[in-house]
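S.K.: First, the structure itself, so that you have it in front of you.
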Amino acid sequence: MQRQPVHLSAHTTPRGYSEMSKRLGTTVGRTSRRRMLRLAGGGLTMAVLGAGLTGCEDELATGGEDSTPPPGSKSPENGKAPSDGGAPAPLWTKSVSAQTYGDNDELVTVDGVVIASGDPLAALDGASGKERWSLPGGAVPGAPLLLGNGTLYLASGTYDGNVIGYVPGSGKETWRSHLGKEYRQPRPIAVDGEQVYVIAEILEADNSSRTNVIAALNSTTGKVAWKEQRDLGTEQNGIHAAVQGRYLVYTDFKNNLTVRDTATGRQVWTQKTTKTSYGPFVVHQDLVIVPQGQRLQAFALSDGAEKWSVEAEEFSLFREPSLVEDVLYIADSGRTLWALQPGTGKKVWQSTALKDASAQVPRQFVKAGGTLYAATDLDPQGGVHAFDAKTGALRWTFNDKTGDHHAWLVATDGKRVYALHGKKLHALPV
């Protein structure tokens, strides 16, 4: 049976669902400790380490623990700033049990709810912020909230080796799979129309692990379709993956860019990358597009041949890319924002609005209407930026002024933009 070119993964945008767009360290050429923690967030060791890093958040200046804006607040039209020139007031703000490491897929919106990775895993009504359902032990901290086939796929929060599928709108379990007792902590990394792809540790006789396996699980039956042991020295943490037709493509901490056949698990090709290969990338048609320091490169999925590249200015490094409505958005550390044609690398526009405003560089993008919303890694002069999607002009920046050290995350259902900062979740008007 010929596979349909479904591109659903922990780092892409499922058809009809929220924009889960496609993060670099805090200084040029150096990666922060917090960033390393969040990149490895799906693993138990790093998750335990990170649990002690969550500080106390101040209350919002605009309200208390759970608040809505005062009656006088006005909502802008199409993402434009209110008449006073500032950011719009949130429609609602809620305290949540989020445990995040800054990965784009730790905040998702689907079926009228918004979900932030945490324990308990809770789904809030997108319109009101009221809790729809809650699942104690529902998600491994830092593991992706993987959407596909109308299902939310999660690694079991009880570390029992199960991968579980839920109805996003209700929290009802509909699917479960177990890779085998000889494997530990299988975590879903991507999904297509037929299979859920997972990474797991291979257990030794002494219960230690020195190798890991990548496997495909049938998304109907839960049975193992195939499994392939990865090379000695590779790690199960820091994986970012996507599916495009017959290709499963992923990066890891060891500077590997690898493509496998989705039908058999056979490795099609692999190659070493350079600066930022463990971060998110994007896939467009027959290309995988990867930021590598000063260069943004596109490789053919079929054989790894370079098809185009773009260079930032000297001493500027590309951050994480996002593919939104067939436009590739990416910022560099020199505070230039780029909009590119993903098939060719040609510029749609280039903006220096971030540099002009001395604003923080974003690392995640979503779009609603004519506005491009972007979340930043760092908080001072950061938060959620709103840009004119046609020109890159900066309209406003929303920040809750809590000073929380966590990276901002953003998602949209087209009706509202959801901004997560630490344990505060805000719904912004569009």
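Here the Cβ of each residue, glycine as well, is placed from N, Cα and C on the backbone.
Annotation comment: TrEMBL describes 1-31, 57-92 as region 'Disordered'. TrEMBL lists 90-198, 212-355 with the feature domain 'Pyrrolo-quinoline quinone repeat'.
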S.K.: Could you give me three numbers for the domain 'Pyrrolo-quinoline quinone repeat' (212-355), the DSSP helix, strand and coil residue counts?
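M.R.: Per-class counts: 3 helix, 75 strand, 66 coil.
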S.K.: I'd like to know the mean pLDDT over the domain 'Pyrrolo-quinoline quinone repeat' (90-198).
M.R.: 93
S.K.: According to DSSP, how is the domain 'Pyrrolo-quinoline quinone repeat' (90-198) divided among helix, strand and coil residues?
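M.R.: So the counts come to 3 helix, 56 strand, 50 coil.
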